[in-house]
Structures are given as structure tokens and as C-alpha cells.
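**Student:** These came from TrEMBL, pasted as-is:
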REGION    11-35  region 'Disordered'
COMPBIAS  25-34  compositional bias 'Polar residues'
DOMAIN    212-452  domain 'Calpain catalytic'
ACT_SITE  247  active site
ACT_SITE  389  active site
ACT_SITE  409  active site
């Protein structure tokens, strides 16, 4: 069986000579370039602001006539602020430059790849519609039915040979376009890898490390008077995310609290002296003091959650190291799960799709929830917030022939997501819970993490 014959069911444009589903390219290079430009400008503005602060400190503004207790106090405090701004500005600018370069370099690639994908689809459909066998005999002299050769001058032999030749010609026409599409893909991948290496060459880590090393102490509060479990055991509605960016961790904890809270209780040991020891899946133990746990501000976050957050931060190095992440990491680090991470409709994924359909996703989620395993999902840039926000998948079910996915936002509310959820066909409920039809869920969520 030839490659072309073996892949007729894969995609509307076939599988490329290098084995990739041929599709149009997602994303907008112009947006990436614009975002990079804004980041460069932000870095430059930070450096300018630092210069102004240093001028105030040196009394170089207003002809040296700035005076008063407020100005004196400002002068005493601007040194560290100016240094912070300078460091951040000098780090943001090269990251923005890398993004600009990447967006600019792939703009033409996207246009070419999209044009080729469209052409490949037309040519592939033409190839599929034709009779014959592209690998079959194209000369009447070589045509046979089974082991029996047909007379070369017979009308049947001539027709079969002509059909085979037309089929082969159609395949070659498609293959030429598909080969060019592969080249466009490789060009994009090279640009992507170069940008990724440039952005991650210590720059991003340096930004985060500098900020969080200086501000970790300001993020804690005394929780010594609070019970560990307000309702006697971990519950999903204990979780109320504040301003801290650990939705990926909270969505996992909410899912585990719903599925099997005993796994959370088994992690935490109350030492009876105001300290708690958290045991991670790899056996590492971290002890934290309940008079210095992560401060969530005005939200009502249960103490057990802050204990785990603070222990996780200590394990990773700082709160900055858990400010942003992926639910997959939380499932692995906290509970030792293997994780199935997939796009709920990866038939639309241009580069890395593995042909997981919404129906496949529904079944995987259903199996996990039935087996008391947590499931999280991260949103695209669709529901009124930036992409990547992680939510807990709490249920899947069918009503009147329509399959639904039910989720809980770790905010325990809907906020700016409420109207977009309703506009997407969803239904909002209390405590940040809402449901969406399966197809809308697949359109609006980028990744699903299923514990295994």
C-alpha cells in the first residue's frame, strides 16, 4: 500500500510527504510583532522612568528647587525603585525585539503556507475523486486482471491504463504542492525555534527572579488562628482565587477535592506547633509556618490551600516560580499522576494536532471523572480573559441529545467571563460553575489535562 493510498482518510488536504496533516496556519504574525513592539516600548519607558527617579534623587529637576518633607522621603526611597525599573526595562526590551523579529519573519511564511494548504486541499480532493490506481499500470501492455494479462488492444486495458495515469498525475500535482507546504512549515519551525532560544536565553528567568526575590516577603499573612479545613475536609468550594496567578494549581486542587479529598489530607501533616509538613509525590517534604502563608487579599481562601501553595513555592524557589504554570505539573508534583494533555479538538491544530475529536475528549473526561481523577482545562483568548486561565472540569453529561461540559472557575465567580460564556451558548450557575455544549467547549478551550 502506498503512502498516498494509506492516508486518504486523514484531513481534507492529505498528509504531507513528511507526515504532517496539511492545514492552514493558525495565529496572526502581525499581532505577535505588534505585541513585541509594545514590549520594547514598555522597556524603554521603564528606563526613562528610572532616569527621572534618579534625577529627583539628585535634585536635578526644577532647577534644584524641589523641596519639602515629601520630596525628601521620595529621594530616600527611589534608589531601589529606579534600579528595579532599570533592570526590568533592560530585560523587557530584548524579549520584545525577539518577538518582533519572529512575527515579521513568519508573516510571509503564513501567507504562503495558507495558499499552499488551500491548493493542496483542491488537488487532494481531485485525486480522491478519480478512478484508478496511481501505482497501477499506465500502459495497456502491462494491464492485467489478477494474474491474467489483458490484451493490450482491448478497450478495457486502455481505459484502466488511462485511469491509472490520470490518478498518478493528480497525485504528483498534489505532491509538488505538499512538498512546498512542508518547506513552509520547516521555515516557520526554524523561526520559532530561533525566537524561543532567544527569548529563553536567561532573559525571562532573570525578569521573574529579580522581581520575586525582592517581593516574596510582602506576599504572606498570619493564618495561625484559622482552621486547616473549614468544613472538616478539603472541599472544592474552599477555593477562591485572588490576584495571585496560580489558577493552574487551584484548578487541580479543586478537581482533587471533588474527586477524592483524602489524597489532599494525606499530603498535609499538622505538626501541632503552628507548622505543617507537605509531602509531594516524589517523597520530598516541605514544612511551612502558618504565620507566613500566601496572602490572597480579601478573598476567602481556605487555609489548607495556602499551606500547599506556600510549600510549593518553597519547593520551587519562590512565589514567582508558581505564579503561572500548567495543571499538568500540579497533577504530577502533588499527586503523582501521569497526565493526558490534549486539545479538545486537535483536528484544528495546525502543527501538533493528533486528531482528537470533541467526542474523543468527552469520553476521556467522562472516564476520568467516573474514576475519581481530576480534570482541568485552559481557556483560549475567547471568553473575556487572556488565554491560559485554568478551570476545573466538574462533570460531563447529555441533555436532550446535547452533550455538555461543566466547569468551575477558581475565582468562584464569573467576573468578566459571564457575558462571553452566555454568548457562546453556556449557562452560568453559582460559585463560578457553568456549563457549555461540547462543541462550544472545544472551540473555547485550548487544552485539557486529564489525570491518569
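Counting begins at 1 with the first residue displayed.
Each residue, glycine too, has its Cβ placed from N, Cα and C.
I'd like these features described in context: how deep, what's nearby, how far apart.
**Tutor:** Less than 8 angstroms from the CB of residue 247 (active site) sit 241, 389, 390, 391, 410, each of them six or more residues away in the same chain.
DSSP assigns residue 389 (active site) to coil in the three-state reduction, placing it in neither a helix nor a strand.
In this structure, residue 409 (active site) belongs to neither helix nor strand by DSSP; it is coil.
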**Student:** Under 8 Å between C-beta atoms and at least six apart in sequence, can you list the same-chain neighbours of residue 409 (active site), or say none if there are none?
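**Tutor:** Residues satisfying the criterion: 389, 391, 415, 417, 432, 433, 434.
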**Student:** Within 10 Å of the Cβ of residue 389 (active site), how many other Cβ atoms are there?
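**Tutor:** Other Cβ atoms found within 10 Å: 23.
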